[in-house]
Amino acid sequence: MADVLSRFNSGKLWDFKGGIHPPEMKSQSNSQPLRHLPLGTDFYIPLKQHLGTTGNLLIKEGDYVLKGQALTKGDGLRMLPVHAPTSGTIKSIKPYVATHPSGLDEPTIHLQSDGLDQWIERNPIDDFSTLSPEQLIHKIYQAGIAGLGGAVFPTAAKIQSAEQKVKLLIINGAECEPYITCDDRLMRERADEIIKGIRILRYILHPEKVVIAIEDNKPEAISAIRNALQGANDISVRVIPTKYPSGATKQLIYLLTGIEVPSGERSSSIGVLMQNVGTMFAIKRAVINDEPLIERVVTLTGNKIAEKGNYWVRLGTPISQILSDAGYQFDKHFPIFAGGPMMGLELPNLNAPVTKLVNCLLAPDYLEYAEPEAEQACIRCSSCSDACPVNLMPQQLYWFARSEDHKKSEEYALKDCIECGICAYVCPSHIPLIQYFRQEKAKIWQIKEKQKKSDEAKIRFEAKQARMEREEQERKARSQRAAQARREELAQTKGEDPVKAALERLKAKKANETESTQIKTLTSEKGEVLPDNTDLMAQRKARRLARQQAASQVENQEQQTQPTDAKKAVVAAAIARAKAKKLAQANSTSEAISNSQTAENEVEKTKSAVEKTQENSTALDPKKAAVAAAIARAKAKKLAKTQTTLENNQE
């Protein structure tokens, strides 16, 4: 850190590698003073306008709000609040088109102005030194201030993280990108307030040196800042050569100190903190005037805009309304850019609102804009590498991005790319390198975010498993303690431990089983040891007697049911014989004889069946005997009918 200060105090300027000198085109907008646009009727305030997380809503649909009233609140310094740009009614809270080249929607508050522009109650102060550094940081946070130089990183978080490390505080007034002049005009017209904001920040951080760096193409701004200092030596002014991108953080630090910020680290790691001049003005307004960040200076430029210049624009104002108020000549063949020509983003929808990020709206005509030429193959001319101010190898990163070799992209320090656009500007093959690098960064971020969520889920799962195991162990311990308490209670009341008694019974049972399974032996007359089968033979005999007894019971049951059925069968057979005999005596004709013989045959069959039934009565079960008797009765009945018919015929 001492090396940083010694190099800075030498007064020397170092030149960084690469860089370009594109046409500045700043005279279009820097000749007119700051102006205000008419107050609009509808404002669209995105819930997140900074690099961080979205705040929590404080309002709902239908609420009436005042100018400067907080619409969201945060839980930390990286969750900045947003504020009402004017007084009016909340019409809706829903997705609305974002100020982004994707044209996607984002959660947005729709505020309809009442035209009164009535402020919320404010508490301005004259002397900021009456507040502690912590109180000042809190006021900066409550005002929703983010870096207005393009990064939109929460200012309070940046200050707090570097509070004990800063030796050199750099205020960036370089404004190196073509067309943009908002910082230039702000320094010319509000130099006193900018100096006041710088002194507030110096009071918080206590750096050893404070410097304002301004490019040499802004002589009016340099003069205004020096006049505002009035000879004070607590803040110095350092004029740097005009070169793009000298306003980038790492490049400006190298210009002033000759020291490079290590890859992957912040400038605070070498004792340097940098802030934009617009951010210093916002800090002064927040601390002294108690005004949140609800407006900023925006450059309106390009040949398609009639009233070029720099305007105070309320955050949330639709871009289409701003352009209309500035005399924009709509032409579908020419896009609108948010930002400058090098790092700006093409807007697909002009209904998108102005946010804290927007410092310029560029509307070029055919003299300033041409359709992108067809992309050609890389010829490896090294023009991009020679011009890169970060010492990267854009052609190699291009191949890695095309092949989605994310590991190689990271190895070649893609994260250090500041997206200045120089590589694409100098490429003779018209390769849109910045688009490839932005897409590759987004893919790597998605992969890491997915891995981060996976790791977090794994940690949560393992924590849950550990908790469940701990709870199970605690449950078992409670059960064991309760069981022990019950045993002790029973032991006190009955005089013995029930568990021990149960174990003793179990041991005794096992011992008996062991004895019963031992093989008994006896000694023969010859002295041989033979197995003693006495018990086994007794068991077999008992089983045999049990089977015989069961069979005898079944036989007795059958005999009790058979006599009745057999007697009925004998009676039926006797009746049948009597009828057949009578029929034989009565019939003298051959037909009668024949029928008599038939009847006798039937009788014989019946008799035989009955005799067979009688013989087998002991072998058949009662059910079969009954069936046989029924069949015999049916045959006898049929025979009787035949006899009656013959007698009638003889008469």
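Glycine too: its Cβ is placed from the backbone N, Cα and C atoms.
Here Swiss-Prot has Cys378, Cys381, Cys384 binding [4Fe-4S] cluster 1, and the candidate from Cys176, Cys182, Cys427 in that same listed site is Cys427. What surrounds the [4Fe-4S] cluster 2 site, by Cβ distance within 8 Å of the Cβ centroid and not counting Cys388, Cys417, Cys420, Cys423, is the set Cys384, Ala387, Pro389, Val390, Leu392, Pro394, Ile418, Glu419, Gly421, Ile422, Leu433, Ile434, Phe437 from the same chain.
In terms of C-alpha distance, the listed binding-site residues Cys378, Cys381, Cys384, Cys427 place Cys384 closest to Cys417 ([4Fe-4S] cluster 2 binding site). When pLDDT is averaged over the domain '4Fe-4S ferredoxin-type 2' (408-437), the result is 94.
In the three-state DSSP scheme, Cys423 ([4Fe-4S] cluster 2 binding site) is classed as helix.
Of all the Cβ atoms in the protein chains shown, 13 others lie within 10 Å of the Cβ of Cys381 ([4Fe-4S] cluster 1 binding site). Panel annotation: around the compositional bias 'Basic and acidic residues' (465-477), no residue of the same chain lying at least six beyond its termini places a Cβ under 8 Å from a Cβ of the stretch (none). Sequence-ordered, the extra residues of this chain that approach the [4Fe-4S] cluster 1 site, with Cβ no more than 8 Å from the Cβ center of Cys378, Cys381, Cys384, Cys427, are Ile379, Arg380, Ser382, Ser383, Pro394, Gln395, Cys423, Val426, Pro428, Ser429, Ile431, Leu433. Put simply, of the binding-site residues Cys388, Cys420, Cys423, the one whose Cα is nearest the Cα of Cys378 ([4Fe-4S] cluster 1 binding site) is Cys423. Cα separation, Cys427 ([4Fe-4S] cluster 1 binding site) to Cys388 ([4Fe-4S] cluster 2 binding site), rounded: 11 Å.
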